[in-house]
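Visitor: If you look up Swiss-Prot, you'll see D144, H221, S553 marked as active site, charge relay system, on the strength of sequence analysis. Here Swiss-Prot flags 30-109 as domain 'Inhibitor I9'. Residues or ranges marked as domain 'Peptidase S8' by Swiss-Prot: 113-621. Sequence annotations record features per position, and here Swiss-Prot assigns N-linked glycosylation site to N84, N236, N406 based on sequence analysis. Positions annotated as signal peptide by Swiss-Prot: 1-21.
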Amino acid sequence: MYFWVMFFTLMIKVKLYITNGDIFQNRPTVYVVYLGANRLKNAALASSHHLHLLSKVFTSKDDAEQSMLYSYNNGFLGFSAKLNSTQAASLAKLNQVITVFKSKSLKLHTTRSWDFLGLAVDNARRTPPPQLAYGSDIVVGIFDTGIWPESESFRETPEAKPIPSSWNGKCVGGEDFDPSVHCNRKLIGARFYLRGFEETYGTIDFTRDPEYRSPRDYLGHGTHTASTAVGSVVRNVSGFFGLGRGTARGGAPLARLAVFKTCWGKDLEGVCTEADILAAFDDAIHDGVHVISASFGYSPPLSPFFESSADIGAFHAAERGISVVFSTGNDGPDPGVVQNVAPWAVSVAASTVDRSFPTRIVIDGSFTLTGQSLISQEITGTLALATTYFNGGVCKWENWMKKLANETIILCFSTLGPVQFIEEAQAAAIRANALALIFAASPTRQLAEEVDMIPTVRVDILHGTRIRNYLARSPTVPMVKIGPSKTVIGETTAPSVAYFSSRGPSSLSPDILKPDITAPGIGILAAWPPRTPPTLLPGDHRSIEWNFQSGTSMSCPHVAGVMALLQSAHPDWSPSAIRSAIMTTAYTRDTSYDLILSGGSMKSTDPFDIGAGHINPLKAMDPGLVYNTRTDDYVLFMCNIGYTDQEIKSMVLHPEPSTTCLPSHSYRTNADFNYPSITIPSLRLTRTIKRTVSNVGPNKNTVYFVDIIRPVGVEVLIWPRILVFSKCQQEHSYYVTFKPTEIFSGRYVFGEIMWTNGLHRVRSPVVVFLSNAGFLASS
C-alpha cells in the first residue's frame, strides 16, 4: 500500500505542473528551426536543403545528419535538431530562418454530453440527426497519447463507406499494433512520434514502462478524446460500474479517425515535446485531415506565436483549410492564464452538463443528506471527524497521527489546512486505512464525476457543517451508510463553467478574445483502455472500458466533433467560417434561463470565462452570417506583432504583392482583425473598427437589423444599421464606433452586437478595457 500511496501523493504534486526546462544541461538541447511556408513540391529537395543549412553549424555532414530529428517538408518548412546554444544562435542569423527556439514540453489538459448539446441519437424525429447524416467524408486528427483500437468506439460498422479518396495517410505498426488488424474504415490512420521526447527525457525502457512504442495508448487520454470526438454509436453501454449507462458515441460518429501519438507518459501525466508536435502537424497536413483536435498546452508565460510549434502548425493547417481546435488549459479560475490563444485556431473552455450522481448519506438510520459521488455499492461504517486521525483536523499525508481508521468513514474539510486538492485528503485517508471519505468543500470547486481511489462523497460546506455538528452532539459513535450513487439527468442547472477552466484575457494578444467557446468538460464518459486503471495509479487494479474524465482536454474534442459535422455539411466553408458559425450561435444562459455561472465563484460569467458562449451544434449548422478571415487579416496581425515584410512573405502560403507592412498599418491594431468577437484592449478616446460578414443562410434575399447591448460607460454606434443581401456569399462591411462616456482608470466592461433577420441571431461579444482617466487628466 505504501508504494502506490506515494504515487498517489505524486499525482497531487504534478497537478501543479512540473517546471519545463532542459533535463540534461551538459548535452545539446532539441531546437526547432522554422523556415516558413512550403512552396517546394519536392519533399526530398526540402530535406536536402534542411541538411545543407544544418551542416553550416557542424564540422561534417555526418554530424549534422546525426543531430537532425525531423525534417518538416509537407505543410511548412523547417527542422528540429540537437544543438548547443552557439549553434542555435548561428542558425538564427541566417536570412532564410524565421525563428529558432527550444523544443518545450507541453502537458495534457486532463455519454451524456452530446444529448445535452442537442445531438441525441435516439429521438422521434423523422429526419436523421446531423451526426448520422454527415461526417463520413471527414477525417479528424487526434494529437494525443494514442489509441486503444479494440474499443467498440473505433469499430468498423457494416454500413461504413469506403475511405475518402483524398486520404494520403497510413497506419504505422509497432509494439502490439498491427495495421492490418487494428486499422479499418473507421481508424484509417495511426502514427507515433518519439524522437523529441526521448532526446529530452531519455530513452523509454519499454520492458519496464507500461507505454507502447506504437500508436497504442496506455495513458487512456487519447482513447478518451478520440471517442468523444468521433466515436461510433455504441448502445447499451454499462458505463462506469453501472453509472452513466446508455448510448455512447462521439460528436461525429461517422467521421474517420487518424491518430497522431505525440504525448507519452511521464510522472503519471502526458508530456508532449514541440519537436514531435510539429512533426505531427507536418504529417497531418500531408495526410489530408480536415480537423485537428489537440488537448495540450503549457502555462503562461506564453511563447511568441512563431516560437510555438502548436501555433506554427495550426497556422499552416488553417491556411490549407484544416480547422484546428485546442484546449485552453486547467489553470483557472484566475484571470489571464488562458493558453493556446492564436487567432487561427479555436480555443475551448470547459463546462458542466445536466447529469449528476446523487449519493445518500444516512447517519444513525435517520439523519439524511445528499452528496455527489461515483459509488457503485453501499458502504457502512462508523463516522469520525478528521481531528481523530489528523493533527488539527487537516487531512494531509504529513498530518496523520499514526492511528488507524479501520471500518471508519472520515469527514474532512477543504478549508482546514487548506487542502488544495481532494486527492490530498484521499491520500491521507488511505494512509489511515479509512473505509471511505466525506469531503466538504465549496460546491463551485467540486468535481463530482471524478474516479476515486477511495470511495469519496462530496458535499458542500453547509452539509459538512451539519454532519460535524451532529457528530459533536451524538453521545455515541455514529454509524453512517453511503451509496450507492444514482444517475440523474435534467435536474441539475447547467451549464456552468468549470472552476479549473483557464480564463482570459490573453496574455499574448489581448485584442483577440480567448477563450473562443465553451463545451462540456466535466465528468465526460468515454472509451478507456481496459489494461489501464481508471486512476492510473499502480495500486488500482480495476479494469474498465469506459471512464469519467474532466478537463479542458475533454471539452476540446467536443468542438472537434462539431467542426467535423459542419465541414461535412458545408464543404465550401473555411476554418474561419466554421469558427464563426460556432461562436456567433453560442448561448449564454443555462437551463433555468439565467446567465451561465462561473465555477470558482458565484458570479455570472463574462466573455473571459466562456468566450462567445456555450456551443450549440444545431444552431451552428445554419448561422446565417459568418466572419471570414483572409490572408490580409493574418498579414495585419503579423505586422502588429513585429514581423518584417520578408518574414511574413516567407510564412504566408500565397502572399499577395501587397503583403507588406505599410505605414498605414501603424494605426490599425488587431481589433480590426475580422474576428467573430470584438475586443478593444485600451479605449481612451473615440475608436472605430470594421467587420465584414458573408451571407451563408438559406435565403439569398434577406435583411439583417442590428441590436446592441452597450458596455457600461461606452457609447456604441454602428453604421450601417441595416444589411441588405441579394445573393448567397454576398459580403457587407459595417463599422463600430466606441466612445467612452464615463471615466475609468482601468476596467473591463462587456456588451454584445447582434444581427438578426427574424430567423437567425448572429451574436458577437464585445470586450472593452476603459483606461481613460489618466489620459484625460494629462490632456
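Including glycine, each Cβ sits where the backbone N, Cα and C put it.
Mind mapping these onto the model and telling me what they sit next to?
Guide: Annotation note: D144 (active site, charge relay system) sits in a strand segment as assigned by DSSP.
Classification of H221 (active site, charge relay system) by DSSP places it within a helix. Counting every protein chain shown, the number of other Cβ atoms lying within 10 Å of the Cβ of H221 (active site, charge relay system) is 28.
Secondary structure at S553 (active site, charge relay system), as computed by DSSP, is helix.
When pLDDT values are averaged over the domain 'Inhibitor I9' (30-109), the model yields 93.
Secondary structure from DSSP puts N84 (N-linked glycosylation site) in coil. Note on N84 (N-linked glycosylation site): other Cβ atoms within 10 Å of its Cβ, all shown chains, come to 13.
Counting only same-chain residues six or more apart in sequence, the Cβ atoms lying under 8 angstroms from the Cβ of N236 (N-linked glycosylation site) belong to R245, G246, T247.
Sequence-distant neighbours of N406 (N-linked glycosylation site) (same chain, 6+ residues apart, CB-CB distance under 8 A): N433, L435.
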Visitor: How far is it from N84 (N-linked glycosylation site) to H221 (active site, charge relay system), counting Cα to Cα, in Å?
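Guide: It is 34 Å, counting Cα to Cα.
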Visitor: For D144 (active site, charge relay system) and S553 (active site, charge relay system), determine the Cα separation and express it in whole Å.
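Guide: Cα of D144 (active site, charge relay system) to Cα of S553 (active site, charge relay system) measures 10 Å after rounding.
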Visitor: In whole Å, how far does the CA atom of S553 (active site, charge relay system) lie from that of H221 (active site, charge relay system)?
Guide: 8
Visitor: Helix, strand or coil for N236 (N-linked glycosylation site)? Use DSSP.
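Guide: SS state of N236 (N-linked glycosylation site) = strand.
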Visitor: DSSP says what for the domain 'Inhibitor I9' (30-109): how many helix, strand, coil residues?
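Guide: Once the DSSP states are binned, the domain 'Inhibitor I9' (30-109) shows 28 helix, 29 strand, 23 coil.
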